[in-house]
Amino acid sequence: MGSLFRSEEMALCQLFLQSESAYTCVSELGELGLVQFRDLNPDVNAFQRKFVNEVRRCDEMERKLRYLEREIRKDGIPVLDTGENPEAPMPREMIDLEVKFEKLENELKEVNSNAEALKRNYLELTELKHILKKTQVFFDEREGSLESGGQTSLTQNLLPEDSKGPIQLGFVAGVILRERIPAFERMLWRACRGNVFLRQAEMDDPLEDPATGEQVYKSVFIIFFQGDQLKMRVKKICEGFRATMYPCPEAPADRREMAMGVKTRLDDLNTVLSQTQDHRHRVLVSAARNIRAWMMKVWKIKSIYHTLNMFNLDVIQNGLIAECWIPVANWEDVQLALRRGTEKSGSLPAILNRLSTLEAPPTFHRTNKFTKAFQNLIDSYGVATYREINPAPFTIITFPFLFAIMFGDVGHGIIMALFGGWMVWREKPLSAKKTDNEIWNIFFGGRYIILLMGLFSMYTGLIYNDVFSKSINLFGSSWHGAYNDSTIQQNKELTLDPADVKQYDQYPYPFGLDPMWQLSNNKINFYNSYKMKISIIFGIVHMLFGVILSVWNHKFFNKAMNIYCEFIPQIIFLTCLFVYLVLLVFHKWVWYGAGGDVSTSPSCAPSILITFINM
């Protein structure tokens, strides 16, 4: 079991690095992932450290990449993730990355601003087209009513009663959001005292807002009025409701000419917009191929400089001094990584010295893809002290089994086992699909736990004879002395009495629980008593096992006094109370039966609860 059974032995080391090779050495150690550095500048502000400018440059590059990623996701372009782990770029390559990201950001911002201006112009022309189309009905109605003397004009209410001949009315046309129409109409009526005439018509198709990209529904309106004073009021109300007003000629020929001009401009804008979108799409597609690798490179550069900020500066030797914790088993691996780092930079080799300290080292458990989930489960409750026994290996069995005791059902266990087995089988392709969905990441990280929980639940479900809360008849029933098929079919529930020799055959069921208990109306009393006692037995065994494990810790740390003053009293207390409780349970199960004589009848069985109260 090795390091899985007990945490790795760690060593505190001092590291001397030349300034030229510090970056490459830390990069190699980071790829190794076995070194924990200590902060030697705890009292220095983060903004006063040596490499703060490099960290800020990384933050700026990260911001630009996040902007690119948002635009890529907005267009629904899939981000290519090959799963490769690129090496950290050299410091001189940072300038190339910054120039590349700056160029991409500026190009994308310029394209976006041009596209937004084109979309705004397109929106205005589309609204003007709808105004010319919808208001034609209003003008035709007005002109028809003036030409035919027999009909009454819709704007007749604006004319005085004693007026003779037609009176020229002013009008304002525009577009407003559909949900603002009722309030807009009320405000016009109250502010103008009913001396304006409003006609409105809804647009059938939604329009795209160039600022937000959302689809909005709008309505075309035209307001007829008389006089400049009402004209000023109407325009102020339109501005207050954020309605867009457009010039609309009164002459039909002018309207037709304007509509043709608008149509021509819309066709040209469509062509320009499609070309702009194609150019934007090409830029984003080319960025989507490399954005994961770029992001990984920036993160590595930032991590390296963040680590270098923990080092002390040796002004005399022109170098950096660091302190770190290293697993003793990987001492040679760390030295090889430092050698590779110095060879890349072409400087003097790094010096690694082991220090003696009384400080408690960090706890490091080496895990793999199977044990990682169980180790995370243990660490969520608390990290073991350095070199203590690691409970994770035992949890691989105890956690799924204790879960199965509570969740014993063959049907539900099969579903869990199939789901966990599918995630294990599709492990590589699923792990390659990086996602930010926290729930899915939790499920996938615990795929082996889910698989084991499902398998153990199937086992305990067979013992409970429970398949989707129904029992199955595998070995017949021991309750056929007084029951036959007609009795079972005619009665939905039966009362089972194990003491009745006519009902019960007086021999135990081959495996699990008798399916006849599913039909009994006293099954809850039997199930609860049985499952409660089983849970108590396994819980006490679990507690006893945990206390026994502490002996190995006391021996390892040479604390013999703890064995006599801590372990032995715990065992005595646990045995005298809870182990005695388990023995009483087994004693009642074995000695006192349902069909025994008077001395071993259930009425003579001692009460465990009363026994403990008396104790």
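Glycine too: its Cβ is placed from the backbone N, Cα and C atoms.
These figures come from a predicted structure and were not determined experimentally.
Residues annotated as coiled coil in TrEMBL: 51-128.
Residues or ranges marked as transmembrane segment by TrEMBL: 401-425 (among others).
Marked as transmembrane segment by TrEMBL: 446-464 (among others).
Long-range contacts of the transmembrane segment (534-552) within its own chain (CB-CB distance under 8 A, at least 6 residues past either end) are made by residues 389, 391, 394, 398, 401-402, 405-406, 562-563, 566-567, 570-571, 574, 578-579, 581-582, 585. The transmembrane segment annotation in TrEMBL covers 534-552 (among others).
Residues of the same chain lying 6 or more positions beyond the ends of the transmembrane segment (564-586) and with a Cβ under 8 Å from any Cβ of it are 533, 536-537, 540, 543-544, 547-548, 550-551, 554, 606, 608, 611-612, 615. What TrEMBL records for 564-586 (among others) is transmembrane segment.
Looking just at the coiled coil (51-128), the mean pLDDT is 89.
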